[in-house]
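Asker: Please read through the structure below; I'll follow up with questions.
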Amino acid sequence: MTHALDVFGWFDNEYDDDGFRTCSVTGFDVHRTVENHVKLFGVTAVVFLLIGGLFATTVATTRWELIGLLEPGDYYKHLSMHAWSMLLFWIVFMEVAILYVGGPMVLGRKLPLPSLAKVGYVVMIAGVLTIYYAIWTASGNPVADNAPLLTAYVPLEVNPLFYAGAIVYIVGIVVAALPFFLTIWYEKRENGGTLPLVTFGAFVTGIIAVEALVGGLVAFAGALAYNFGLAEWFDAGVYRQWFWIIGHGTQQINLVAMIVVWYLFTHVLAGAEVVSEKVSRTAFILYLFFINLGAAHHLMVDPGLSVGWRVWNTSYAFYGATFASLVHAFTIPAGLEAGRRKRGKGGGLFGWLTSAPWKNPMFSTSIFAIILFGFLGGITGVMMGQLQLNMSWHNTFATVGHFHSTVVLGTTVTFMGVVYFVIRTMFMREFVSSKLASFQPYLYCSAMAVTALMMMYLGILYGIPRRTAEVVRNIPRTDFSLIEAAPLFNVFGVFALLAITGGALFVLLAVGSLLFGDRIEPGGNGDLVADGGLEMATDPEDPVHAYEMRGTFVLCLFFLGVFVVAYALNWFLLTQLWSIGA
Amino acid sequence: MTSPIKPPKGNWWDQPVNRRESIWLGLGVGWALVLFGWMSAFTRIGDQNPIGETYRVTEDELREKVDAFKDAAEEREDGAYVPDGDDVFVVGQRFDWDGLPVVLETGREYDFHLSSYDVQHGFSIRPEHALSQQINLHVMPGEEWVVPMEFDEPGTYHVLCNEFCGEGHRGMHGTIIVEEGSQ
């Protein structure tokens with residue numbers, strides 16, 4: 001039944017009398033309420049990706065000072081728009097959709113209280129619009145009305161509406177997440193038993209999200225009070241601690257959410273299995289306890305914090321989460337390797353990889369994300385999280401390179417795959433061009449990887465600061481400049497524009513397929529189903545842990561080797577410096 | 001049984017773990033111990049640590065201290081301060097560094113007093129002759145951070161702000177001139 005307002009036919013799948021249909025790819029019993037809200041949040045997310053991408057163009061071509069597109073005042077506004085659109089809007093709207101997939105869709109349940117999802121959606125949008133307004137109308141007067149950037153550090157004078165908008169946005173997210181938590185509650189009460197791994201991971205994601213969001217509420221409410229002169233004590237140092245609970249915490253939501261997607265997609269699209277429930281679940285539990293301490297990494301070179309506090313929080317507490325990531329770095333590819341060997345698709349050391357469905361953009365995005373997140377984002381994150389190494393990374397362009405490796409090469413790439421998946425299996429549309437859809441992840445990931453690497457080189461080797469409109473060719477009021485970095489910036493600029501082209505191609509494919517893609521009839525997604533189907537995974541007589549994982553082992557050893565070398569190089573550079581510190 | 005989208009059946013906790021997976025877990029724990037051990041040990045044996053005492057300070061107190069520092073220092077013709085003792089004040093304000101330019105000697109340990117009069121700034125320093133040798137510390141209003149530094153190579157060191165502090169942020173620059181020490 002098509003709703004009168006549904007002019008594109010986006011919400012018109014056929015459901016049975018109870019409102020369910022069976023997905024021919026995953027075997028999920030999908031309820032109408034779940035599917036429609038996944039579509040709603042997913043499509044909205046793509047709009048923010050488009051907005052953020054437009055600002056990526058202006059921001060990148062300003063930092064590439066050969067072009068130097070924007071004046072400084074405009075630059076900081078555009079940078080704020082880019083950061084909030086991408087980090088908070090595109091990604092979080094996707095994450096709400098992923099919670100609905102990981103919870104009610106995997107469990108074959110209705111979305112409880114769908115009205116809450118709608119209220120949450122509207123409140124989130126209200127927050128988004130308020131934030132956009134506050135950013136866009138900032139006069140740029142340094143003592144009155146600054147662009148907030150991502151962080152809006154107290155006591156920088158920022159329009160109070162910005163903090164208010166952020167609070168509204170956060171409340172909206174929590175409301176939108178409630179149906180997910182209710183799902184888990186009902187499932188445990190009615191069926192008991194162990195949750196499927198994907199749902200378990202999504203649940204952990206949800207808890208980490210709420211922790212981060214509550215931190216954000218305190219940060220922004222405190223900043224608002226400070227702004228009105230009501231809380232003098234909520235100063236720079238206090239704000240930084242609270243802000244980074246959400247500032248970094250949201251990135252931890254990304255991390256756990258994308259790991260959930262990796263388990264789901266490698267299984268559904270390529271026949272991966274869980275090699276050890278015990279190990280994978282323990283890793284999720286480690287995240288639950290330790291990953292929010294990643295926030296402490298932002299305070300490594302801050303005054304006022306003791307050495308003990310910093311060393312403990314970034315290392316021992318945090319390595320609980322680092323270890324968890326090392327665990328997933330093995331278990332996900334190992335699941336793919338063992339699962340594909342079981343299906344007869346894995347000759348030799350890497351046959352399981354070479355025979356995988358590389359033309360399927362949902363699969364390739366996940367694998368590229370695993371590799372690039374691990375090598376570029378994960379390794380650099382642990383390095384810059386060391387007390388001393390942080391001195392050479394903090395607030396340089398290298399930091400920007402690090403988080404473009406985690407948030408873009410990891411999360412955005414993974415979520416692009418999710419959008420492709422939603423288009424094919426929920427909107428039931430063919431891609432307008434399956435060749436371009438296959439090609440897009442290759443273009444985007446390779447160009448973005450070079451861009452991120454260039455950012456890191458520029459930051460570490462030339463000390464290029466982040467968050468500045470101009471520093472390479474000219475610094476006002478001095479003859480000094482960082483002109484030696486100009487050639488590398490040319491490489492950065494070209495690849496950034498290539499990456500943006502890859503991102504634009506994604507938006508074109510997504511929107512084009514939604515509007516003009518051929519409709520897929522029920523059962524018509526057979527080409528997506530993993531080799532050998534999914535039933536094999538439930539055969540108790542054929543346990544997956546008994547299959548070979550030597551290819552994964554070799555890959556992981558290579559990864560550890562790169563890690564050790566990169567670590568040693570960073571320390572070598574640091575020890576070349578003059579002596580500093582008590 | 002081993003599907004991530006189905007509840008695991010039976011006693012999944014006691015399922016055996018593949019030997020290679022167990023080895024990897026051991027390597028992971030070992031590497032995390034190395035990371036921790038080295039970072040922790042380096043605070044004792046290393047020469048580059050972002051460590052120093054912090055004192056609460058108001059803007060007025062801070063201005064008095066910096067003025068006293070500048071009064072006591074010898075001011076050269078080029079406007080650079082030659083400090084009277086081993087204390088050096090570098091205080092950020094929109095959009096320059098109070099206390100700079102300053103002339104220092106190699107081989108002598110100075111106590112850098114880092115802070116800000118107004119908003120958060122980033123103290124980012126590198127010598128002109130080797131841009132890859134750079135150190136970045138965060139400075140905040142209300143906190144006076146005393147970090148010792150001892151330079152071993154003469155040259156002009158440039159201080160940039162690398163935390164956004166307002167529209168003129170990009171022009172926030174100061175210099176430290178390090179000359180060959182007498183010792």
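Using N, Cα and C of the backbone, Cβ positions are placed for all residues, glycine too.
TrEMBL labels come from automatic prediction, so no person has curated them.
Feature table excerpt (TrEMBL):
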| type | residues | note |
| --- | --- | --- |
| TRANSMEM | A:40-61 | transmembrane segment |
| DOMAIN | A:40-582 | domain 'Cytochrome oxidase subunit I profile' |
| TRANSMEM | A:81-107 | transmembrane segment |
| TRANSMEM | A:119-136 | transmembrane segment |
| TRANSMEM | A:161-185 | transmembrane segment |
| TRANSMEM | A:197-226 | transmembrane segment |
| TRANSMEM | A:284-301 | transmembrane segment |
| TRANSMEM | A:316-336 | transmembrane segment |
| TRANSMEM | A:362-383 | transmembrane segment |
| TRANSMEM | A:403-423 | transmembrane segment |
| TRANSMEM | A:443-465 | transmembrane segment |
| TRANSMEM | A:485-511 | transmembrane segment |
| TRANSMEM | A:553-574 | transmembrane segment |
Asker: For the transmembrane segment (A:316-336), what are the same-chain contacts with Cβ under 8 Å, counting residues 6+ beyond its ends?
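Answerer: Counting only partners 6 or more residues beyond its ends, the transmembrane segment (A:316-336) has Cβ contacts under 8 Å with 252, 255, 259, 262-263, 266-267, 270-276, 279-280, 282-284, 286-287, 289-291, 293-294, 296-297, 352-353, 356, 370, 374, 378, 382, 385, 544, 549, 551-553, 555-556, 559.
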Asker: At a C-beta cut-off of under 8 Å, are there same-chain residues at least 6 beyond the transmembrane segment (A:40-61) that contact it? List them, or none.
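Answerer: For the transmembrane segment (A:40-61), the nonlocal Cβ contacts are 10, 67-70, 74-75, 78-79, 81-82, 85-86, 89-91, 93-94, 96-97, 100, 121, 125, 128, 176, 412, 415, 418-419, 422, 492-493, 496-497, 500, 503-504, 506-507, 510-511, 514.
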Asker: Taking a Cβ cut-off under 8 Å, which residues six or more beyond the ends of the transmembrane segment (A:485-511) line up next to it in the same chain?
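Answerer: Residues 46, 49-50, 53, 56-57, 60-61, 63-67, 416, 419-420, 423, 431-433, 436-437, 440, 443-445, 447-448, 450-451, 454-455, 457-458, 461-462, 464, 472-473 contact the transmembrane segment (A:485-511) from elsewhere in the chain.
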Asker: Between the stretches A:197-226, A:362-383, A:403-423, A:443-465, A:553-574, which one has more Cβ pairs under 8 Å with the transmembrane segment (A:161-185) than any other?
Answerer: A:197-226
Asker: Are there residues at least 6 beyond the ends of the transmembrane segment (A:197-226) whose Cβ is under 8 Å from a Cβ of it, and what are they?
Answerer: 95, 98-99, 101-103, 106-107, 152, 154-155, 158, 160, 163-164, 166-167, 170-171, 173-174, 177, 180-181, 184, 187, 232, 234-235, 238-239, 242-243, 245-246, 249-250, 252-253, 256-257, 259-260, 263-264, 274, 277, 280-281, 284-285, 287-288, 291-292, 295
Asker: Take the C-beta pairs under 8 A between the transmembrane segment (A:443-465) and each of A:284-301, A:362-383, A:403-423, A:553-574. Which stretch has the highest count?
Answerer: A:403-423
Asker: In the predicted model, what is the mean pLDDT computed over the domain 'Cytochrome oxidase subunit I profile' (A:40-582)?
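Answerer: Within the domain 'Cytochrome oxidase subunit I profile' (A:40-582), the model's average pLDDT equals 95.
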